[in-house]
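Encoded as structure tokens, the structure appears first; notes follow it.
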Amino acid sequence: MAKEIFYSDDARNRLYEGVKKLNDAVKVTMGPRGRNVLIQKSFGAPNITKDGVSVAKEVELKDTIENMGASLVREVASKTNDQAGDGTTTATVLAHAIFKEGLRNVTAGANPIEVKRGMDKEVAALIDALKNISKKVSGSKEIAQIATISANSDESIGKLIADAMEKVGKDGVITVEEAKSIQDELSVVEGMQFDRGYLSPYFITNPEKMQVELSNPFILLFDKKITNLKDLLPVLEQVQKSGKPLLIIAEDIEGEALATLVVNKLRGVLNISAVKAPGFGDRRKAMLEDIAILTGGEVISEELGRTLESATINDLGQASSVVIDKDNTTIVNGAGEKSAIDARITQIKAQIAETTSDYDKEKLQERLAKLSGGVAVIKVGAATETEMKEKKDRVDDALSATRAAVEEGIVVGGGSALILASKSVNLNLQGDEAIGAEIVRRALRAPLRQIAENAGFDAGVVANAVETSKDANFGFNAATGEYVNMFEAGIIDPVKVERVALQNAVSVASLLLTTEATISEIKEEKAMPAMPDMGGMSGMGGMM
């Protein structure tokens with residue numbers, strides 16, 4: 001297929017048109033007075049959203065060069081969302097502003113490579129300045145404020161997320177699900193829970209709740225199937241003498257072995273229950289080891305030269321209680337040593353940082369949460385499916401932003417942080433490098449200007465007021481139209497979101513500015529199919 005090539009200013013101008021169209025669709029969602037965007041879906045009802053990345057993902061342009069520009073910035077929005085969980089609209093608005101300002105200077109004769117170098121130096125200095133003006137998150141009130149802002153000023157979502165984080169800790173897993181009613185709900189699972197239920201209903205100790213409830217049980221962990229109970233007899237006798245219950249977690253317990261355990265339970269010889277080990281393959285082995293560390297036991301594994309016959313009561317883990325229903329097993333207050341659990345948590349965090357697979361990362365985070373204190377489930381309620389999807393997107397954003405704030409701290413929000421940080425940066429660069437630095441400094445006003453514009457205020461007046469203020473916490477509350485102390489008003493942003501948005505925006509804008517040619521396929525217009533021969537339509541002579 002033939003290709004179309006554009007060079008120099010012509011190529012960059014066409015790329016800019018694509019970036020501008022994407023930015024014009026995304027920027028209207030920014031701030032507390034941001035507007036909705038209605039998106040047509042290939043099936044079902046249209047989607048209404050105020051989520052910047054959701055809008056960006058839907059933008060596909062007819063012109064191939066324009067679409068290349070749009071898709072590069074769309075990738076910035078997605079990358080910012082993946083890294084910080086929020087700041088997608090900020091990244092898009094910044095990328096557009098930097099590219100627009102840079103294009104004007106490059107067209108006027110500035111060297112794009114020198115300009116890029118100056119931009120990179122300015123960004124590095126700005127990130128240091130951001131860190132210097134940041135504060136650590138000090139309590140659930142600030143967590144609620146961050147979540148509220150990220151959820152487009154929805155205070156109920158902010159409170160829900162703050163409650164969830166307070167209950168499971170900053171490393172705890174918080175999942176977001178759709179509720180079956182219009183009410184938002186928060187439920188917390190204490191301890192370690194995994195998705196395996198009892199192997200036989202005859203193990204049930206609480207018929208009303210259909211649950212197995214074991215108090216201060218021993219826990220036997222085995223990584224293979226148990227088919228013959230003869231090997232287990234020595235350790236079963238030791239447990240029976242202790243008078244405590246026993247939970248067996250193994251790959252499976254089959255046939256005669258399971259039947260014998262059930263008979264002993266029914267006769268009252270031993271208070272016992274059994275479940276399958278969670279996970280599959282290597283993940284199963286890792287999760288068994290997690291349970292062993294949490295409960296202070298050891299995994300009996302033939303790979304390590306251990307057999308069931310060699311197991312003693314000292315190899316067993318312990319917990320204050322275990323609750324098992326037909327679907328899940330929950331271990332509460334395992335007897336493992338804190339130092340061993342902390343070491344395991346550090347190891348899993350390192351694996352999360354190294355993995356490139358989203359699936360593996362998700363599973364590792366689940367394991368981390370199970371070890372570090374529990375799982376909170378936020379169920380989002382709404383009157384219609386469309387509203388539910390839009391609200392769930394906002395909760396996901398707010399949750400990610402809150403995690404980012406706990407991780408790296410907070411700065412003033414409302415688009416003011418980058419402007420305030422720039423006041424302490426003065427690099428004294430020369431030539432086109434100085435132009436690059438100035439391009440970034442000018443672009444830093446864009447998010448604040450857009451927030452003010454969406455709220456119906458004069459963008460230039462607002463930006464000038466923040467820029468000339470001597471107060472380090474000064475900013476504009478677009479929800480009320482007032483200039484306030486941003487920390488006192490609870491208008492705050494995570495440092496990580498500001499940092500990642502700025503880095504990604506400058507990265508893509510500088511790539512676009514240093515682009516000297518574009519190559520794309522020429523779309524061929526499909527010819528209309530020829531009309532079939534009607535054979536003179538001889539049989540239709542009588543029609544008027």
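Any Cβ shown, glycine's included, is placed from N, Cα and C.
Automatic prediction, not curation, is the source of TrEMBL annotations.
Pulled from TrEMBL, these are the features on record:
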type: BINDING; residues: 29-32, LYS50, 86-90, GLY414, 477-479, ASP493; note: ATP binding site
>> I'd like the Cβ neighbour count for GLY414 (ATP binding site), meaning other Cβ atoms within 10 Å of its Cβ, all protein chains included.
In response: 25
>> I need the least crowded one of these binding-site residues (THR29, THR89), counting other C-beta atoms within 10 angstroms of each C-beta.
In response: THR29
>> Going by DSSP, is LYS50 (ATP binding site) sitting in a helix, a strand, or coil?
In response: coil
> Among the binding-site residues GLY31, GLY87, whose Cβ has the fewest other Cβ atoms within 10 Å?
Replying inline: GLY31
> 10 Å Cβ neighbour count around ALA478 (ATP binding site)?
Replying inline: 26
> If you run the three-state DSSP split on GLY31 (ATP binding site), which class comes out?
Replying inline: coil
>> Just to verify: the residue among LYS50, ASP493 with the fewest other Cβ atoms within 10 Å, which of the binding-site residues is it?
In response: LYS50
> So, in DSSP terms, is ALA478 (ATP binding site) helix, strand, or coil?
Replying inline: coil
